Amino acid sequence: MSFISMKENQGSKTASLMKQYKNNVDRPVGAILSLNTIAHTIGSAGVGAESMKLFGEEYFGIISAILTLLILVLSEIIPKTIGASYWRSLAMTSTKIIRVLIFITYPLVLLSELITKVFTPKNHQASVSREEVSAMVDVGTTEGIFRESESKIIKSCIRLAGVKAKEVMTPSIVVESANMNLTTKEFYEQKEWKFSRIPVYDNNKDIIVGYVLKDMVLKLVSDDEFQTRLSELMRPILSFNEDESLYQIWEKMLEKREHISIIVDEYGCLRGVVSMEDVIETMTGVEIVDEDDVAVDMQALAKEKSRMMHQGVASAIPGSKA
């Protein structure tokens, strides 16, 4: 269909006709099969009758075998091989020929259409699945059409709708957040913030109410505006549940022109953060690492931090072996 769409966009009327035949194959298939069957039947009967007149009945079996072989080679194998190899060149011409065939065999085409409808399921099925597209990409890579890196990106994009937020999010245990009541001076003095967008909360760290841009806060500090509170600079933040597909998150972030979103549980408590960087990493399969990043895999860092916290709690319990 991509070839047909390309030709149609170029203004080809034949391509539009081909698209009609592609969407409703009953008519072209009925015309081709009807004429093919008629030609084979009449041809075989005619040649058989003439051969018996010329050579007698004793050669009928030999002539039938030769005729069958010729029909197989000349009307089946060779045309189909040429069609499979040069279909792009033959597509437009073949469409015009098929149009004539449909006109010639129109009554048989209508009968074929009627019979086909009886056995065709009413529910419409997609002409191609994600798995088939992925397999086509593999074939293209094998044939040298795509590079390995391109193949990886295409297949990752195809699977994007099946990836859930909880699979790629930065877990809350390693998320940097700030109290919305902090002044710009307090924010600056509190710690060295490593991320450009910082989620902010009111009283409960698990309830994120927005985010601030680190650069905006630092600019105010450099302008000696120390008493401005983060709540005055706060921007609204997108929120999604853990089972939201990454594709839907990506679409919403593009629509709202946002680079960060939070993932929450059924109670609205913070579970993690998904950034545009996370989406791009999932699409490309490559970790984007800044010079300031403390870890490549934030989920692995979260697990390690959780393990260390657990050991710290366990070691404080008398008699613990942790």
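Cβ atoms are placed via backbone N, Cα and C, with glycine included.
So that you can see what the record holds, here are the features copied from TrEMBL:
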- 1-150: domain 'CNNM transmembrane' (DOMAIN)
- 59-79: transmembrane segment (TRANSMEM)
- 100-119: transmembrane segment (TRANSMEM)
- 233-291: domain 'CBS' (DOMAIN)
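Here the domain 'CBS' (233-291) has, by DSSP, the following mix of helix, strand and coil residues: 21 helix, 17 strand, 21 coil.
Secondary structure counts, DSSP: the domain 'CNNM transmembrane' (1-150) has 126 helix, 0 strand, 24 coil.
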